[in-house]
């Protein structure tokens, strides 16, 4: 265990070889997990500074302000970091559906022994 | 968008270059995010089969049944997969503190403009 990083009160993110940490977003009202994405140092700094979720798009290789094109921004209500500082948890108020499929949450399918089943309507 | 993967009902995880997907665990009772870890295909299969959380430890490079040494297993109540199938969300009943620091959740520190602050007591 890296004591200062794991238990201290200094922000010291452990970025991976691509310079990223993982970010999980839950709905501040319902607790539902809405999405999972990644942040580089700039995305994390902008999220803290503006109170709006920013990520790093691995597919587009660019900074991504969530909702910039769709309007479905995520307003941060609480931001936490985990023990080894390679992941953050954001409680947010979503302005609309979070998933690019139109679903409220990206996690709209259940995994069972028999495969997947839908648990949320894709609009 | 990869239509079948993003909207279909066939389990087809998109493993990264290390053969892993990300797993986020929330407390089935409180909704709190407890931890974030990774799974390879074997860990995912064992989780589905046994109903107990299994991960792949990147630091130890080995399969990891959560709670095998600490006793603090995670009993799966619901398992979801996200749109692009590179992340799962597990609602679980934790047998004890989930974090290796002794905290209930790994996300026991808040990130603010002034740095970190503790929001949960590390026992």
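Placement of Cβ uses the backbone N, Cα and C atoms for every residue, glycine included.
In TrEMBL this protein carries:
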- A:35-108: domain 'Phosphoribosyl-AMP cyclohydrolase' (DOMAIN)
- A:82, A:84, A:86: Mg(2+) binding site (BINDING)
- A:83, A:99, A:106: Zn(2+) binding site (BINDING)
Going by a 10 angstroms cut-off between Cβ atoms, which of the binding-site residues A:82, A:86 has the sparsest surroundings? A:86
Around the C-beta of residue A:83 (Zn(2+) binding site), how many further C-beta atoms are within 10 angstroms, looking at every protein chain? 23
For the domain 'Phosphoribosyl-AMP cyclohydrolase' (A:35-108), the number of residues DSSP places in helix, strand and coil: 10 helix, 30 strand, 34 coil
If you rank the binding-site residues A:84, A:99, A:106 by how many other Cβ atoms lie within 10 Å of their Cβ, the lowest count goes to A:84
Measuring Cα to Cα, how many Å separate residue A:99 (Zn(2+) binding site) from residue A:84 (Mg(2+) binding site)? 28
